[in-house]
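Data block below; observations after.
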Amino acid sequence: MSARILTRANPSVLKQYLSRAGSSPTFTRSTRAAVPCASIFTLRSPLKPPTGKLYEGHIPISPLQRTILAVGSAFTALANPLRGDMVAALGETTSGIFLNRIRDQMLQDPEGRRILRERPVITSETMQLDTLRQLPDGTFGREYVRFLDDQQVSPDTREPVHFVDSEELAYVMQRYRETHDFYHTLTGLPVTVDGEIALKWFEMAQTGLPMTMLSSFFGPLRLSSEERERLFNVYVPWALENGSTSKLLMNVRWEEWMEKPVEEVQRELGVQPCPQV
Amino acid sequence: MASRTALQQLSRRATALATLAPSRTAGFSTMTKVLHQHNTNSNSSNNSNKDTSSNQAETHFGFQNVPENMKEALVKQVFANVASKYDIMNDVMSGGVHRLWKDHFMRTLAPTPGTKLLDVAGGTGDIAMRFLDYCKETHGDNTASVTVFDINPNMLEVGKERFTKTPYHNTQQVSFMEGNAENLEHIPDNSMDAYTIAFGIRNCTHVDRVLKEAYRVLKPGGRFMCLEFSKVENPVISKVYDVFSFDVIPTMGQIVANDRDSYQYLVESIRKFPPQKEFAKMIKDAGFTVMGQGYEDLTFGVAAIHSGFKL
């Protein structure tokens, strides 16, 4: 039996898991929308947005606008880290082919595939924060809600994705942003500037997104020398080691891990809690 | 040290970064959503009624079409959003050239001592300040007076704030009035020596009414002057200007003010405004006497000064 599958994912990735099923379907890369990658073989006019509006909140921008926005948001985010929209814009304009890579890695894992298929969103309703508050102490869900309440933030305050020219990759970006709070709970890193930078090193080892690299290399400029020393002596080695050996956290369906104790979650994912200094 | 600990305290809110979705841009996008709903409703009702004449006249709001009575509210929202960053954005968008334009504008007006000026859409007070400075520096005169008139209270607030830092604060020389340029009901006929409107007239719903009111309040011999964005004739510069307007400006608006939509409206409204000759004709039709062509191009036509006398 043969099936026709239209996808923009990397064919070699798909071949691996499809051949396990026994059948060998044919699949073609969909060419409906422009591939959002920076290859020299896909030269586009720098003044025209490559696609129309693809999803709610999508703002198609031309390559020239993308460059200006990337540079401008980089400087603005560095000067004023409270401009969350600029941090978000920087992440989106620099994501390019790296979101493709993350999506392909998600396709290689059964839980990741399920996430891409079902596309869960994380808001305070879907997470049912009140139910989580009833959980016993030490469970992942309880610690997560405690973290949210301490910092007085909620999962609803994330900036939506605007500048990614693909609906699926926009979801990947959105998921990456939404799961950020879980990383804090998992690793135990505090929400201070150096904690955030350490987490960005961790994410860099995991995802390789340019945004994480920019934050990792330029973020420490804002720290004092003792914070920088602590960052590079303690946090960064921990982050690089754990980020590269742990399971790819984008594949984790966090919603289903809420009732497990934090230590068990850390053990299963291969992450040691961050060293307390 | 103090700033670093302050930063650490601020950084505890690091995950609340994205709460910075300001209500002002939320307001603008809500209004555009209402616009789209209205458009789809009117489209469906037109299809069902087969009625050729629409109940409400439509006008342009940037590249969109909106009912006339909505345009004023939408423009008000735009300027409420941009008011606090208006002057910075002007500098960013024009590279500071707007200051040269306004200086030249004032030198062209060349007010004499004791002139009473009505500066419409005067908002943040650039023209009013230049007027008073010109009279003081050129004539050593303190009797000239200007009424800064604007439809938007936020812009007037910014203007008042700026004037507190000048020697004209709390003097008879400057006063502020809120109102609609299409209906200057509180200003008596034949009372003003000069009327200026800088970068405001393209936002008005009925430009002809604005011109008629301008004619009414000016004294005989009074001068109407308008500084406004206009059409670039040179094709090469026009292309560069288009790229700059549509690619750079909204992006800069997003970076500096987190408001892409308002600046998108601003650049679209420039394209919708009549070109130089047509606007000069509108000024003549309102009763003004124009000298020569009636306009002067600035920066290849990016801006233009139109002038008319009430004789």
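Every residue gets a Cβ built from N, Cα and C, even glycine.
Quick caveat, the model's predicted, so the values are computed rather than measured.
Contacts of A:Asp181 (Zn(2+) binding site) defined by a Cβ separation under 8 A and a same-chain sequence distance of 6+ are given as A:Tyr144, A:Phe147, A:Leu148, A:Val153, A:Pro155, in order along the sequence. According to TrEMBL, the Zn(2+) binding site annotation covers A:His180, A:Asp181, A:His184, A:Glu196.
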Relative to the Cβ of A:His180 (Zn(2+) binding site), which residues of the same chain, six or more apart in sequence, are found under 8 Å away?
A:Leu199
Sequence gap of 6 or more, Cβ distance under 8 Å: name the residues on the same chain that satisfy this around A:Glu196 (Zn(2+) binding site), in order along the sequence.
A:Leu189, A:Ser215, A:Gly219
